[in-house]
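> Feature table excerpt (TrEMBL):
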type: REGION; residues: 26-56; note: region 'Disordered'
type: COMPBIAS; residues: 26-39; note: compositional bias 'Low complexity'
type: COMPBIAS; residues: 46-56; note: compositional bias 'Low complexity'
type: BINDING; residues: 78, 79, 80, 81, 82, 83, 194, 203, 204, 267; note: GTP binding site
type: REGION; residues: 98-127; note: region 'NMPbind'
type: BINDING; residues: 99, 104, 125, 126, 127, 152, 153, 154, 155, 159, 227, 238; note: AMP binding site
type: REGION; residues: 193-230; note: region 'LID'
type: DOMAIN; residues: 194-229; note: domain 'Adenylate kinase active site lid'
Ligand code: ADP
């Protein structure tokens with residue numbers, strides 16, 4: 001699938017642009033429409049006034065060996081998994097599945113699973129492994145054969161084992177696990193200022209990523225919500241759970257040799273590390 005995307009991250013603009021150009025030259029199967037756009041971009045003469053930054057078509061969705069990327073993003077609640085995932089999708093053709101978004105969608109639609117999960121999500125407790133494994137299994141089935149990343153799942157060793165056997169049964173094991181290592185002192189402030197557009201999962205932060213119009217989603221104009229579980233009590237519980245149940249996954253995946261950690265106090269500092277990592281792995 002061809003993804004046309006505008007790179008907004010100014011520090012990376014030139015490197016992204018260079019890579020995009022290189023990718024475009026390598027790609028033989030560009031659609032004619034995007035080829036035209038790419039050609040006109042490359043033909044730009046130096047005398048032409050520098051207009052608005054061009055839209056850059058990017059088609060990068062497989063690993064070097066032709067295998068789709070099957071990746072997890074791990075990290076404490078509020079570490080910025082959703083933010084990284086959104087930025088990555090501006091540059092790479094990866095489908096992102098967030099277990100929290102899947103649950104919130106099911107709750108909003110009052111599906112059977114959503115009704116069963118509702119109380120646990122609101123209180124910051126974990127939803128039962130059975131419910132979440134089934135939901136994620138269905139999501140992965142829908143995107144079989146594509147590059148994907150999972151955010152928020154697995155949350156404990158039992159879920160990791162369930163995911164492993166799900167993937168092994170189709171001969172498509174994980175090939176990357178990325179851990180976001182963010183100081184906890186930074187995380188609480190972020191949580192208090194976080195708002196979400198539930199239908200899309202778009203996340204805003206009042207300090208560093210505010211919506212254009214206060215209280216509404218930039219794309220749809222629909223209202224933003226402060227997540228019911230983004231309050232100090234519920235957050236404390238989620239953090240404790242993370243330490244008790246999810247952090248042990250680092251050891252689990254370290255043993256399989258697919259784990260990489262990126263550390264930093266902000267998503268802006270972590271993103272270039274993440275980008276460079278994917279850049280090396282993608283064709
Ligand atoms: P955060 O990463 O900020 O905790 P998420 O959006 O990932 O938020 O999850 C919100 C809530 O959804 C969790 O507190 C939990 O109740 C539920 N949840 C999400 N993923 C899982 C999972 N893999 N297993 C069990 N419960 C989950």
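A Cβ is built for glycine as well, from the same backbone N, Cα and C atoms used for every other residue.
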> Which site among 78, 80, 82 has the most other CB atoms no more than 10 Å from its CB, taking these as binding-site residues?
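Top count of Cβ atoms within 10 Å goes to 80.
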> If you draw a 10 Å sphere on the Cβ of residue 99 (AMP binding site), how many other Cβ atoms land inside?
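Other Cβ atoms within 10 Å of residue 99 (AMP binding site): 20.
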> Grab the same-chain neighbours of the region 'NMPbind' (98-127) for me: Cβ-Cβ under 8 Å, and only residues 6 or more beyond its ends, written as numbers and ranges.
81-82, 85, 134-136, 139, 150-153, 155-156, 196, 198-199, 201, 228-229, 233-235, 237-238, 241, 245
> Quick one: of the binding-site residues 80, 99, 127, 153, 155, 204, flag those whose CB is under 6 Å from ligand 1, and say none if nothing qualifies.
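So the answer is 99, 127, 153, 155.
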> Rounded to an integer, what is the Cα-Cα distance in Å between residue 125 (AMP binding site) and residue 82 (GTP binding site)?
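Distance between the two Cα atoms comes out at 19 Å.
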> Relative to the Cα of residue 153 (AMP binding site), which of the binding-site residues 80, 82, 204 has the closest Cα?
82
> I'd like to know which of the binding-site residues 153, 204 has the most other Cβ atoms within 10 Å of its Cβ.
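In terms of Cβ crowding, the pick is 153.
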> By DSSP assignment, list the helix, strand and coil residue numbers for the domain 'Adenylate kinase active site lid' (194-229), in that order.
0 helix, 12 strand, 24 coil
> Quick one: average pLDDT across the region 'NMPbind' (98-127), no decimals.
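Averaging the confidence scores along the region 'NMPbind' (98-127) gives 93.
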> Would you kindly give the Cα-Cα distance separating residue 80 (GTP binding site) and residue 99 (AMP binding site), rounded to the nearest Å?
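Their Cα atoms are separated by 14 Å.
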